[in-house]
Structures are given as structure tokens and as C-alpha cells.
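**Student:** Once you've had a glance at the structure underneath, I'll fire off some questions.
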Amino acid sequence: MKITRLTTYRLPPRWMFLKVETDEGVTGWGEPVIEGRARTVEAAVHELSDYLIGQDPSRINDLWQTMYRAGFYRGGPILMSAIAGIDQALWDIKGKVLGVPVYELLGGLVRDKMRTYSWVGGDRPADVIAGMKALQAGGFDHFKLNGCEEMGIIDTSRAVDAAVARVAEIRSAFGNTVEFGLDFHGRVSAPMAKVLIKELEPYRPLFIEEPVLAEQAETYARLAAHTHLPIAAGERMFSRFDFKRVLEAGGVSILQPDLSHAGGITECVKIAAMAEAYDVALAPHCPLGPIALAACLHVDFVSWNATLQEQSMGIHYNKGAELLDYVRNKADFALEGGYIRPPRLPGLGVDIDEALVIERSKEAPDWRNPVWRHADGSVAEW
């Protein structure tokens, strides 16, 4: 069997799908994308196709290493996201050829179902509470919320009080009937993160995500030393080499690699195993589409330390398409009390509606995250 073609489809709301075709008619699907940089990743995928056309798709490890090592310059969000989507598609092909789900090729299940959580947007507490109640009625009891708005390097007590009051109101509305993590989104400097985390401790969030940017990862250990709250990070780390430094430094309790950014299944299985050796939990980042979610699930179901799986059903970013709109076998991704079962079909287990993908790709938006500014006019972290 030989790889014959790679085709990319940019799609609403902000996704990109990849189809890898073979000379024997077996196709694999992947989801290589950086939110807001889909065209750039698309170009990288097609550059990497030079290493793939005419090659045996079953040699996933060799193809991964070739894509990673054959170029003198490597790593980073664009190249690793391109590799990630290609890697997902290769695993999809291999599972389909052998007639088994990918998790069977990775050693089999370590659990029967995986707990998921839902991201809830909204700037006002009333909006967040309403969103959480709607999801709670559908069986969710684990959520992730924005921890704060933009903050200056040294900000005011008023800014801290506003962030804390918002969380206090949400906790008061639900008591201990729900769990929620707080995502700082890298918006907070190290000095302010230390203050804000301490003030939030009484409300017992499940974790604090990206309290500072990944570029400031050396700060995680210092922050962790001043709080009992678990620190989560990893969505903006792109290889096991990035995660190696974080694990060695300590401070992070939950790793959050993104299966569409951090090299795909091949790389993230290694990252999960590294985390287990340090007694660190795994909770893959996934505000993306169905192929990315399926890839996450295959890693979750073979990783003993996987504890939570993000999923994007109903997320506010999904303007123009919902999580399962491009999927025929929607029932296979049904949530039961906030849990999801292992994928059933061979490969990644996602039956893509290719005709719909082709049609909707004609109207793909160029999504960009907003640009925020501080009161003094300087650019703020989003």
C-alpha cells in the first residue's frame, strides 16, 4: 500500500480536516490546525507531503521521525500541528486496514469510559451560571471557565476582586454539586498569578490552567509551592521535549497536550507515559473538531493517568458548525452522564461525511482570535 494524495479542507467554525488517500482505496482522516493560523498549517501539510507520497502508510513511526527530523529546523506550533494531523490520518488508515480501533493497536483499554468536561464561555456570572445549568441538565458536572479578563503585569486590587467575586458567585450558585477548572489563558503575569491563585483558593477550583504563558514555564514550580491548587498546562507545548522540561522542573499536576498541536497520537502517547512516570495526570486539550476529539480519546483509553477530556460540544467558538455536524456516526460519540465510551469503528472511529466537508469547505472563514488592549493602549494577552 502506498500514499497517493493529501487533501486539506478548511471548514467552519475554525477547523481543518485532512484526507490521506492510498492506492488501495483506504483513506485516513486527521485534523491539523492552529486556531487562527489554519492557512499556515495547511501550507506546512502540503510541504510535508513530499516525505509521504509513495510511502507505506503503515510505517507510522518512520514517517513521523522523517517529518520531524528530515528538516534542519523543527518543532513549534505550525510544523508540529501539521505532523499531528498527518499522524492521526496514518493511524486511521492502519486501524481500518487491520479492522480494529486505534486503541487496540496501542495495547488496549485501561478504562471503560472517559469523563469529559465542557468549556463554558460568558463574561458575566449570570451568563456562565445559565450555561452551566443547561449543561448540568444534560449530565455534565465538570466544567472549565475563564479565570479572569486581561490583566496588567502589576494590576489593581479592583481587578483581583472582580475576578474573585465572579468565581465566588458561581461557586455559591452550585455549591459542591459541580467541579470547575479556571483557565487563566496565559493572561496573567507571574506576580499577579501568585496573588490571584491565593485569593481563589477558598472556592476550590479543580485546577488553575495556564496561570502564566508556556514561555514562562519555569514559574510553574514557584507558583505551585505557594498553593494547594493543582496547576494545569500544556496546550501551547508542542513536543515531548517541551514537556520534558516542565516535568523535570515540577509544579504542574495536570498535563494538557493538544492532539492536533503536539505531534498527534504517536507523540502524545509518549507524553502521557512521561507524565505517568512523574505522577502527573493527563487531560488533553481539545476545543476543536471531531477528529481531534477521537484522537484524544484513543490516547485517553490507553493512558492510565488520563483523568479528564475536554470536548467542544456547544462551545461558543462553534459558529457555523457543531462538534458532530460532519460526522455520520453521531451516536458513537453520545455522552452518558458526562462520560463517553470508546470509539467503536476501526481506525479513529469517525465516519466523516465527505460530501458535506467538500461543500462546507467552500465557505470556510478565516477565524482570528480577538486583539485585546490594556487601558494604556498596549496589547494584552488574549
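From the backbone N, Cα and C atoms, a Cβ is placed for every residue, glycine too.
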**Student:** Quick check: of Glu201, Glu209, Glu215, Glu267, which does Swiss-Prot put in the same Mg(2+) site as Asp183, Glu235?
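**Tutor:** It is Glu209, as the record lists it for that site.
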**Student:** Excluding Asp183, Glu209, Glu235, which residues of the same chain place their Cβ within 8 Å of the centroid of the Cβ atoms of the recorded Mg(2+) site?
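**Tutor:** For the Mg(2+) site, the extra neighbours are Lys144, Gly181, Phe184, His185, Glu210, Ala232, Ala233, Gln256, His285.
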**Student:** I need the most crowded of these active-site residues: His185, His285. Count other C-beta atoms within 10 angstroms of each C-beta and give me the top one.
**Tutor:** His285
**Student:** Among the recorded positions listed here, Glu209, Asp258, Glu310, whose Cβ has the fewest other Cβ atoms inside 10 Å?
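**Tutor:** Selected from the recorded positions Glu209, Asp258, Glu310 on minimum Cβ neighbours within 10 Å: Glu310.
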**Student:** Any idea what DSSP makes of His185 (active site, proton donor), helix, strand or coil?
**Tutor:** coil
**Student:** Rounded to a whole number, how many Å is the Cα of Glu209 (Mg(2+) binding site) away from the Cα of Asp258 (site 'Increases basicity of active site His')?
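**Tutor:** Glu209 (Mg(2+) binding site) to Asp258 (site 'Increases basicity of active site His'), Cα-Cα distance: 14 Å.
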**Student:** Cα of His285 (active site, proton acceptor) to Cα of Asp258 (site 'Increases basicity of active site His'): how many Å, rounded?
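**Tutor:** On Cα coordinates alone, these residues lie 5 Å apart.
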**Student:** Same-chain residues six or more away whose CB lies under 8 A from the CB of Asp183 (Mg(2+) binding site)?
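**Tutor:** Same-chain residues close to Asp183 (Mg(2+) binding site) (Cβ under 8 Å, separated by 6 or more) are Lys144, Leu145, Asn146, Gly147, Glu209, Glu210.
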